[in-house]
Amino acid sequence: MAASTNVTWHDLSLTKEFRRVQNAHHSFVIWFTGLSGSGKSTVANELANRLYKDGISNYVLDGDNIRHGLNNDLGFSEEDRKENIRRIGEVSKLFVDSGQVVLTAFISPFKEDREIVRNLLEVDEFIEVYVKCPIEECENRDPKGLYQKARNGLIKDFTGIDSPYEEPENPEFVVETDRFSTEECVEQLVSYLTERNFI
Ligand SMILES: Nc1ncnc2c1ncn2[C@@H]1O[C@H](COP(=O)(O)OS(=O)(=O)O)[C@@H](OP(=O)(O)O)[C@H]1O
Ligand SMILES: Nc1ncnc2c1ncn2[C@@H]1O[C@H](COP(=O)(O)OP(=O)(O)O)[C@@H](O)[C@H]1O
């Protein structure tokens, strides 16, 4: 039996529209996707700081952190990654409902799972950002030494080595972290968000 059987949805009188008016800004998800070491966390954190300074209420959901708590029961099989992204999609939707901007930094390697999250949200609530960086450069950076471990057979199912990464086909935005500095990537994103009246 599905968990939702015999459960009734309650509409809340304090809607996200009221919260957006109070916050004086739109609420939406900036969904960063890319290989390990591509720069998702770095760019998301810098953008969060920038939005905060501009008075925009926001929160970063980061793969490593979420896997310490909410998702500490999940590993890196295809099934677990799918469940990881499903839960984060739902959590992101709650943040949007609360009137905040949420920045997510998950590898989210599968197109289908990213599309599921996109479809959970309204069209003006989901911005997919492909953090593009060649795997050679990610491996060269190897900020956590994980590529080295994967090459030595100490980690299996590592994205880009022995687990796939499906590149976004039509992301709303691409940042190329091997060509531009973190600051430049953040400026490019701020321009995108401003031009389209997200902020
Ligand atoms: N097998 C394997 N493959 C990829 N990544 C691994 C793996 N094992 C551990 N790690 C560390 O976990 C971080 C990725 O977690 P995510 O929740 O973003 O992954 S996923 O979206 O469910 O694919 C990832 O963080 P980032 O480097 O920030 O991407 C790694 O630090
Ligand atoms: N333009 C850039 N944007 C983001 N990170 C960059 C950039 N150039 C170099 N880096 C470096 O690349 C690494 C990216 O690591 P991280 O942000 O943890 O990636 P991810 O979250 O995708 O695993 C960091 O050491 C960061 O300093």
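Heads up, the Cβ atoms here are built off N, Cα and C, so glycines get one too.
Sequence annotations record features per position, and here TrEMBL assigns active site, phosphoserine intermediate to Ser108. Secondary structure at Ser108 (active site, phosphoserine intermediate), as computed by DSSP, is coil.
Marked as ATP binding site by TrEMBL: Gly34, Leu35, Ser36, Gly37, Ser38, Gly39, Lys40, Ser41. Its own atom aside, the Cβ of Ser38 (ATP binding site) has 28 Cβ atoms within 10 angstroms in the protein chains shown.
Under the heading domain 'APS kinase', TrEMBL lists 27-176.
Closest to Ser108 (active site, phosphoserine intermediate) in space, going by CA atoms and restricting to the binding-site residues Gly34, Gly39, Lys40, Ser41, is Gly34.
When the recorded positions Ser36, Gly37, Ser38, Ser108 are checked against ligand 2, Ser36, Gly37, Ser38 have a Cβ within less than 6 Å of one of its atoms.
Selection of the recorded positions Leu35, Ser36, Ser38, Gly39, Ser41, Ser108 by a Cβ distance under 6 Å from ligand 1 yields, in sequence order, Ser36, Ser41, Ser108. In the predicted structure, the domain 'APS kinase' (27-176) carries a mean pLDDT of 98. Counting residue by residue with DSSP, the domain 'APS kinase' (27-176) contains 64 helix, 28 strand, 58 coil. Annotation for Leu35 (ATP binding site): same-chain Cβ neighbours under 8 Å, separated by at least 6 residues, are Ile107, Val131, Cys133, Ile135, Cys138, Thr159, Gly160, Tyr165.
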